[in-house]
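Working notes, beginning with the structure itself.
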Amino acid sequence: MTTSSPAPVPPIDGQRSPRYAGFTTFARLPRIGDAPQHDVAVVGVPFDTGVTFRPGARFGPGAIREASRLLRPYNPALDVAPFDSVQVVDAGDVDCNPFDITTALREIEAGVAALTEGGRPVVVLGGDHTIALASLRALHREHGPMALVHFDAHLDTWGPYFDTPVTHGTPFRVAIEEGLLLKEHSAHVGIRGSLYSAEDLTDDAELGFTIVHAREFHTTPFTEIIERISSRVGDAPLYISIDIDVLDPAHAPGTGTPEAGGLTSRELLELLRGLRDKHLVGADVVEVAPAYDHASITAVAAAHCAYDLVSIMSGRVSA
Ligand SMILES: N=C(N)NCCCC(=O)O
Ligand SMILES: [Zn+2]
Ligand SMILES: [Zn+2]
């Protein structure tokens, strides 16, 4: 992977232009056409045709970008200035069909593939969770099967809903069926809430996943949980998928299928930081539905997750 040369085009300086002014891009980064090339891309996927309950995640990318205006250029938790040594850009949104899931997934896959050519990492801002499948398909072209760390209240390995095989409740079942994932290196984290039946859990185990349930955060030391996830991933190329409903509704009210008893945003960010040394090839932050948000609580959490993901990626690219 190449490191940018000359110096990367930086985000707009908050000391020269107030952070609430000007065009809205993620963390006030340059738009993709305003940099000579990119090492890491952030891209929006405004798609929510796969939802089973409250719609509105199509407005997630815009809300996350707006909330990201406050992000500053140095990330002390990871000791990295993510925009200093590599070129990070906002690649805009993928235009995808709002009426046909199959067509949309093809368009999203093509959009993500164009950005990740040559193995460059990407952070995808959703959109509902269906889009993770397209993103995995695109990254599989570069990396082959990947480890998945999937933060979510929900398993998202269910079967068809209303005879529709690809929805936001099914992306990781399809991903396993398509051979996109290394199941022995993959985990769901934060799972909770009601299921259709106990078989949902045995079906998921048969697909090969392991689960860190939300309630385990009460009984297991945090460092042990991090170690469990980290050793599961090992050295495999890693994709991190963050469904913002992994957070408790108190920390993320703006989402379509909220479940009580979730993680705090502090816990989630710390879990991400625990994966800093992994070979992170791609990530998404999905299911932000601003219509149900209050004071941008959910969008802020999502923006901070995306910032830590970019920080981990740029640390690797520049190393
Ligand atoms: N991926 C999210 N957020 N939710 C999936 C819920 C699917 C269901 O209730 O059947
Ligand atoms: Zn979920
Ligand atoms: Zn999900």
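Backbone N, Cα and C atoms are what each Cβ position is placed from, and that goes for glycine too.
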According to TrEMBL, which candidate in His129, His140, His185, His218 joins Asp152, His154, Asp156, Asp243, Asp245 at the Mn(2+) site: His129
Secondary structure of Asp152 (Mn(2+) binding site) (DSSP, helix/strand/coil): coil
Same chain, 6+ residues apart, C-beta under 8 Å of the C-beta of Asp243 (Mn(2+) binding site), given in sequence order: His129, His150, Phe151, Asp152, Ala153, His154, Asp156, Thr255, Val286, Glu287
Position of peak Cβ density within 10 Å, selected from the binding-site residues Asp152, Asp245: Asp245
His129 (Mn(2+) binding site): secondary structure state under DSSP, collapsed to three categories: coil
